Amino acid sequence: MSRRRNSRKNCCEGIFSHLLRIRFTPEELEQRDKSRKIDKFLEKDKNSFRRQVKLLLLGAGESGKSTFLKQMRIIHGIKFEPELIREYHHVIYQNIVKGMQVLVDAREKLDIAWEHPMTEHAANQAILFHSSNDLDLETFRQYAPFINRLWQDKAIRKAYDRRREFQLSDSVSYFFDELDRISRIDYVPSNKDILHCRKATKGVFEFTIRIQNIPFVFVDVGGQRTQRQKWTKCFDGSVTSILFLVSTSEFDQVLAEDRKTNRLEESKNIFDTIVNNTAFQGISIILFLNKTDLLAQKVKNPETDIRWYYPQFTGNPHSIIDVQTFILQMFLRVRKINHNHSLKPPQPIYHHFTNAVDTQNIQVVFNSVKDTILQRNLASLMLQ
Ligand SMILES: Nc1nc2c(ncn2[C@@H]2O[C@H](COP(=O)(O)OP(=O)(O)OP(=O)(O)O)[C@@H](O)[C@H]2O)c(=O)[nH]1
Ligand SMILES: [Mg+2]
């Protein structure tokens, strides 16, 4: 009986809906179809917005943020545009000329005698080119033999060994060693040259790469003091993760900005403001302890010792593992425990030891970072 009533009900509903449907005018039907399509599109767009991964590259000046972004392009097969390569070409010339000028000045200030008196002549010639802002290939090729001569002199090498006492870009020795190739008439910067090329970032730059069909938006900012007020622009709700870079080899160097603050301390203070900021509560933080290669060279050097800057260090100052572990713990301890249980538990801090100029190293590290981010992103999508 009740089954019969049900089937009658279904049949009536079918008729009613049929009657209702035929009452729509063709215009109304078209309108309904259109609005369904819009709803579908918006739903898809909402999902793709949620699926987008936005990564903020943060850290002090010269920590390696832009270098990491260059690696992302290289690893994902996105070629540098010819115009960009031309710009890097020019910056490389500037890096070389400026770098040698700094060393020539430092030799004089440190009162280091020339190994060969003839080198002084090369130094005087080099000064002539110093004021040249418009460094074209022709000018650079005239200048290159003098740089070569200077780089061979023990006085310049001694000044270079004392570089922590002044401000010298980390990549200059790489370029001096490659000078013959770089000063050839048909020179075109290689990816390795581009990775070593140094130009401070001014402003905020976004670069999107589709990885596994998901847009990864990398946000690169300038890390020097004057640039940091621009960071707030990118602190919105759409950030997935913060990649925080630390130049671990800088434990014995001072800032270019004020020439007195220890660089590692500055980096730790920036990390403090990020990691303890309630605005970033739900955001995972990935710490890149960068410049492992330069740190390895430094811990072997008897002219420096981490205990002179961090007397609390108790490990072996010539063991890279001990020094890295010490720096890692120092950064992890920065996060203040919040005892307010009504707040969400803090996000884990992941960490990696990196060498941003080594493509293979960054490829391995990024694969792991990507998996972590995608798993966490998927989990948060499922919770929504
Ligand atoms: N040897 C070595 N050099 C590195 C490493 N990471 C970065 N560099 C070099 O360090 C210099 C500074 O790197 P950038 O990527 O420009 O640093 P940044 O964090 O973008 O600096 P700002 O734009 O001023 O905030 C460049 O010359 C890089 O080639 C590394 O792990 N090892
Ligand atoms: Mg940069």
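Placement of Cβ uses the backbone N, Cα and C atoms for every residue, glycine included.
Keep in mind the model is a prediction, meaning the values are calculated, not measured.
The local packing around Asn290 (GTP binding site), expressed as other Cβ atoms within 10 Å of its Cβ over all shown chains, amounts to 29. Feature annotation from TrEMBL assigns GTP binding site to 62-67, 170-171, 195-201, 220-224, 290-293, Ala356.
Among the features that TrEMBL reports, Mg(2+) binding site is placed at Ser66, Thr201. All chains included, 18 other C-beta atoms sit within 10 angstroms of the C-beta of Thr201 (Mg(2+) binding site). Classification of Thr201 (Mg(2+) binding site) by DSSP places it in coil, neither helical nor stranded.
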Restricting the binding-site residues Glu62, Ser66, Thr201, Val221 to those with Cβ under 6 angstroms from ligand 1 leaves Glu62, Ser66, Thr201
If one measures from the C-alpha of Asn290 (GTP binding site) to the C-alpha of Thr201 (Mg(2+) binding site), what distance in angstrom results, rounded to a whole number? 18
Restricting to the same chain and to sequence separations of six or more, state which residues have a Cβ under 8 Å from that of Ser66 (GTP binding site). Leu57, Lys199, Thr201, Asp220
Going by DSSP, is Glu62 (GTP binding site) part of a helix, a strand, or coil? coil
